[in-house]
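K.L.:
Handing you this structure, nothing more for now.
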C-alpha cells in the first residue's frame, strides 16, 4: 500500500513541529487532518493544507471531546491510516511547588491523550491490516530534567505504551514508534539568553541545535513503507545529546 494514497491525522498541527510534519505529509500526496485547540489554529491549518486536508478543533485534555470528535471523523468516512501524536505541553516547576493541575494537564495531553487517540483508530487499522502510529517523545523522557517531573514522566510513559502496543498489533500490519527530539529550534528557544543557549549547546556533541524539519523527516520515514519492518522503537534525533 503506497503512502500517497493514505489519510493521516496530526495533533497540534497549527504550528511548529506539527505544522512541519503535516506539510511534509501533504507534499507526499497524503490527505492530512490536523487538530488545534483554537479556531484561529484551524484556520491556519486549512490555509496551508488547502485542498490536501483540513483542520478541526480538539481539546486533548477532554477525553469525551476526543471520543466525540474522532467519532465524527469516522462518520465522515475518513479512515485514518497514519496517526501522528505530536501535541504536547510543558508546565515546569519543582516538585515541592508543582500544583495538581500542573501535573494533571501535562499527563493528560502528553500521555493520556495518546492512549485515547490510538484507541480511536486502532480497530480500523486492524481491520485494514495496515497502520502507522508515530508519537513525538523527548530526550527528557530518558534523561530527566530538574523542574520537569511531569513532562519527563509523561514522555517516559510513552516508551512503555508504544512497546506494549507494538507487541499487540505487530502481526496486524501496524507499526508503532516514537521520534524523540533533543534541543530543537522552536519559539521557546528564541527567547533563551546567550548563557542559556550556550548551556544547552554544550550538551550536544554536534554543537548545534536541530530543526523541526529534521524531526519531521524521521516522522515521515516511520510513516512510510520503507519503515515497514520497524516497530516498538524510539528514533533519537538529538545531535548525539543522548545515545543508546
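Positions of Cβ are set from backbone N, Cα and C atoms, glycine also.
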K.L.:
12, 13, 14, 15, 37, 59, 60, 151, 152, 153, 154, 155, 184 bind NADP(+) according to Swiss-Prot; which of 86, 93, 217 goes with them?
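P.N.:
That NADP(+) site, as Swiss-Prot gives it, pairs 12, 13, 14, 15, 37, 59, 60, 151, 152, 153, 154, 155, 184 with 86.
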K.L.:
Max CA to CA distance in Å over the NADP(+)-binding set 12, 13, 14, 15, 37, 59, 60, 86, 151, 152, 153, 154, 155, 184?
P.N.:
25
K.L.:
Report, in whole Å, the straight Cα-to-Cα distance of residue 37 (NADP(+) binding site) from residue 138 (substrate binding site).
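P.N.:
So the Cα of residue 37 (NADP(+) binding site) lies 22 Å away from that of residue 138 (substrate binding site).
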K.L.:
For residue 53 (Ca(2+) 1 binding site), which residues in the same chain are close in space, meaning a Cβ under 8 Å from its Cβ, but six or more apart along the sequence?
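P.N.:
Expected: 22, 26, 31, 32, 33, 34, 45.
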